[in-house]
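What follows is one structure encoded as structure tokens, with my remarks underneath.
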Amino acid sequence: METNGIKLTPRDIVSKLNEYIVGQDDAKRKVAIALRNRYRRSLLTEEEKQEVAPKNILMIGPTGVGKTEIARRMARLVGAPFIKVEATKFTEVGYVGRDVESMVRDLVDVAVRLVKDQKKALVQDEAQDKANEKLVKLLVPSMKKKANNNTNSNNPLESLFGGSIPNFGQNNDDEEETPTDEVKTKRSEIKQQLLNGQLEDEKVRLKVEQDPAAMGMLGTNQNQQMQDMMNQLMPKKKVEREVPVKTARKILTDEFADELIDQETANQEAIELAEQMGIIFIDEIDKVATNNQNSGQDVSRQGVQRDILPILEGSMVQTKYGTVNTEHMLFIGAGAFHVSKPSDLIPELQGRFPIRVELESLSVEDFVRILTEPKLSLIKQYEALLQTEQVTVKFTDEAIKRLAEIAFQVNQDTDNIGARRLHTILEKMLEDLSFEAPSMPNAVVDITPQYVDDKLKSISTNKDLSAFIL
């Protein structure tokens, strides 16, 4: 799989991250260096590659300051598979709950989707042509061939005793007799209309594969593995649905693209991508740190830490696509560490996060920058949303400053949730406008400090109300 983004220099990576994330320059520099080191490693000899392991990162800082966003944007820059997991969701081996290896399986699932999406894009035109041909046949059906009764009457168990193997995969309903000249003429007309986009809302009956998740078992990770194995062994069940042509085209294009790509090759490439480029973000790692205040919980927390340790050190994990080596994956741990400290992690785990970065709490000035500087800042998002109703919203600089001050103050007075506070502040302030917007086309609304205070001051100055509403 192509990952040209990995050739970006650390300066380029920081510049790209600055388009979406305000401040936290130290954290950006460290993840940029970690990313560049992956590119440097790819240029080494095979012998040298085996000796160079990624330097895992531990991010320390309160919620809402950009820990997850920095990691997610970094992964997106280079097309690397990325997942975020919470350390508190895992339990020690032998207890009910998710085991730590599930994070690796989830990462491989993401890698498989990335690789297959890229391969599907290469055969998109061919798949769409096949989908259009199929749609023409659905819109102008011909006579179906009679089913072969001998094949349908086969006992599935015969294959175990030397009998013929029933062909579950083939759908005899798709086979048709040679179309008549009249049908050919009609199909030619319909095909032209289809390509011109004249039949997008016409309904067709289509057989689609039923999502295995809809029939799956709920419960432990072992049950999920069993379900995955059963889904691979059993023939895929199809259900008939009536859908518009535009929806049917998407479904059929995806099915034909799946048939056109080599699934086995895609799976192997995905495993390699996960091994060499995978990024696992372990949030709330501070919650499994032990501070010797509650010995009962400490035992369980230490168990989770010890289970995570072999994954970080490098181990072989079985997935439904094959065996995956975690040795060269990049792990980013993150936590607020309000109650515990990084030194409360077991020493072996501390050693697996050699790069430490402390993210700063956000100031009023940071909030102002977050509202205005990013490529698609919150202000720009709300302006664009209301513009769809022909309502023009204009924020003055003073109003933006006032919003930032209120967000900062509410964070100080209640729980500090960082930049996420801006979402609740803006949503509350624009609630009435969003509700009335459809009935006020071509309106121009100026958001001034007075407007902000009218909507928010009574709430922001009342600590009890702000704790519940903002």
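Cβ atoms here come from the backbone N, Cα and C positions, even for glycine.
Owing to the predicted nature of the structure, the values given are computational and were not obtained by experimental measurement.
For the ATP site, Swiss-Prot lists VAL22, GLY64, VAL65, GLY66, LYS67, THR68, GLU69, ASP283, GLU348; matching the candidates ARG187, ARG205, ARG420 against that entry yields ARG420. Every protein chain shown contributes to the tally, and the Cβ of GLU348 (ATP binding site) ends up with 14 other Cβ atoms within 10 Å. Residues VAL22, GLY64, VAL65, GLY66, LYS67, THR68, GLU69, ASP283, GLU348, ARG420 are recorded as binding ATP; their most distant pair of Cα atoms lies 34 Å apart. Between the candidate binding-site residues, VAL22, VAL65, the densest Cβ environment within 10 Å is the one around VAL65. Secondary structure at LYS67 (ATP binding site), taken from DSSP and collapsed to helix, strand or coil, is helix. In the three-state DSSP assignment, the secondary structure recorded for GLU348 (ATP binding site) is helix.
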